[in-house]
């Protein structure tokens, strides 16, 4: 879509097009974050036998997250005296920017994608890891022992689970023969990869939850151990940036899971009269629901359990999946 607009427009309007589409993407993502948080709180409330937000914005609490955002914007912006001020200020931006950048290459339908590059999957993996730099910088700059411990946990966790996540998607790349996300979706026109690569899907999904720092892998911000972890000294809109990056990554990871394993916008058999955008939204919503379900259901792992799961279980299983996939490809295709 982006290329068509740019090719049909005079060169002086390219900047305006980029800016306008960037704003549209930003507002779409912020709308998801706003009501994604509300949906998460309502689902968690339902699973725990509570009502959830039900006061601000009517019976369903539709304006609860809006009120929370306004509260954060009006809060005092404090910086600890002992903090490294420039790095303390930059860290939330460093954490948030990559989360927003990865969305540009995700195809939501066959006609709606901001940037179709040949190595979209590689781009996503490379850029998504940059957020950890902001997390580590924020923990270090805070000059707080709890923040530093949380930052070190985040770095160790990213290294431990980025590798199984990358290795797990290599099976998909072997089957498709491409790193282009559109090609990966088109290759699933007849059969989704969740049925062909179930082991890869399980490894990818577990590693994705760890990458998102969500329960049961939320050690970097474990409230019962580290108060709030790496962002313990942050408040107001700077804290909101860290929160936004987490939920934007939730959006991106759910979309990537849909693209890699659930056929993207391709419909279920005999239901192809339903638009592709509806199918993508439905699959995406199911993935988000499962991520919320994980948060409510599982207890937090210990640090040693988290490391062992990543290096002793997920990584070997992902390697085995590559070997089996390559062997089958060589013998039968």
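These residue numbers are counts, starting from 1, taken along the chain as shown.
Note that Cβ sites are derived from N, Cα and C of the backbone, with glycine treated the same way.
So that you can see what the record holds, here are the features copied from Swiss-Prot:
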type	residues	note
TRANSMEM	15-35	transmembrane segment
TRANSMEM	88-108	transmembrane segment
TRANSMEM	117-137	transmembrane segment
TRANSMEM	159-179	transmembrane segment
TRANSMEM	191-211	transmembrane segment
TRANSMEM	250-270	transmembrane segment
TRANSMEM	273-293	transmembrane segment
TRANSMEM	313-333	transmembrane segment
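If one looks beyond the transmembrane segment (159-179) by at least 6 residues along the same chain, the residues whose Cβ comes under 8 Å of a Cβ in the stretch are 118-122, 125, 129, 187, 193, 196-197, 199-201, 203-204, 206-208, 210-211, 217, 260-261, 306-307, 310-311, 314-315, 317-319, 321-322, 325-326, 329. Only residues 6 or more beyond the boundaries of the transmembrane segment (191-211), in the same chain, are considered here, and those with a CB under 8 A from a CB of the stretch are 128, 157-158, 160-162, 164-165, 167-169, 171-172, 175, 184, 217, 249, 253, 256-257, 260-263, 266, 291, 294, 306, 309-310, 314, 317-318, 320-321, 325. Away from its own ends, the transmembrane segment (313-333) comes close to residues 161, 163-164, 167-168, 170-171, 174-175, 197, 199-200, 203, 206-207 of its chain (Cβ-Cβ under 8 Å, at least six residues beyond either end).
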